[in-house]
Amino acid sequence: MISNRTFTMLKPDAVENGHIGAILEKITSAGFKIVAMKYTQLSRRDAQEFYAIHKERPFFGELVNFMTRGPIVSAILEKENAVEDFRALIGATNPAEAAEGTIRKLYATDIAENAVHGSDSDENAAMESAFHFSGREIY
Ligand code: IDP
């Protein structure tokens with residue numbers, strides 16, 4: 001089954017650098033519909049839980065510090081083949097390796113501060129959406 005929803009965050013670097021509007025424009029122009037969205041700040045506990053899969057990685061502490069240092073925009077996006085198409089739109093984790101025109105190529109700083117998150121599977125999209133939004137916040 002092809003899922004039609006994915007989860008994203010515009011990370012603290014994107015917010016600090018004034019890129020919220022430009023990134024949302026890229027997302028909606030690519031055909032994604034916003035079905036939930038909030039401006040919020042992750043607690044350390046939130047970030048540790050959200051990125052628990054990376055807790056043994058050497059960059060885990062740096063990642064938690066980064067993701068909690070300022071506000072983010074989190075959203076659920078709807079489009080046919082959402083997970084795969086959104087990963088293509090944001091580009092590789094490391095902006096130096098991201099394709100031209102992708103959000104990370106345009107707006108990321110480096111592999112750590114890479115502007116946006118995009119779920120990497122339908123299962124994670126559902127889990128991450130439920131972590132950030134209640135059913136009543138999805139339209
Ligand atoms: P993804 O966000 O493209 O799915 P993941 O490998 O799941 O990439 O890594 C999650 C996040 O952790 C990245 O988006 C980035 O912010 C951070 N990260 C990944 N690799 C590194 C690294 O080598 N150094 C510092 N931060 C990293």
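The backbone N, Cα and C atoms fix where each Cβ goes, glycine too.
Predicted automatically and left uncurated, TrEMBL annotations should be read as such.
Taken from TrEMBL, the feature active site, pros-phosphohistidine intermediate applies to His117. Per TrEMBL, the feature ATP binding site maps to Lys11, Phe59, Arg87, Thr93, Arg104, Asn114. Marked as domain 'Nucleoside diphosphate kinase-like' by TrEMBL: 3-138.
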Which of Thr93, Asn114, all binding-site residues, has a Cβ with the fewest other Cβ atoms inside 10 Å: Thr93
Contacting binding-site residues for ligand 1, chosen from Lys11, Arg87, Thr93, Arg104, Asn114 when the Cβ sits under 6 angstroms of any of its atoms: Thr93, Asn114
Taken over the domain 'Nucleoside diphosphate kinase-like' (3-138), the model's mean pLDDT: 98
Helix, strand and coil counts within the domain 'Nucleoside diphosphate kinase-like' (3-138) (DSSP): 65 helix, 24 strand, 47 coil
Site diameter for ATP, Å, by largest Cα distance between Lys11, Phe59, Arg87, Thr93, Arg104, Asn114: 22
Which of Lys11, Arg87, the listed binding-site residues, has fewest other Cβ atoms within 10 Å: Arg87
Most Cβ neighbours inside 10 Å, all chains, among the recorded positions Arg104, His117: Arg104
Of Phe59, Arg87, Thr93, i.e. the binding-site residues, those within 10 Å of His117 (active site, pros-phosphohistidine intermediate) when Cα atoms are compared: Arg87, Thr93
In the chain carrying Phe59 (ATP binding site), residues 6 or more apart in sequence that have Cβ under 8 angstroms from it: Ala112
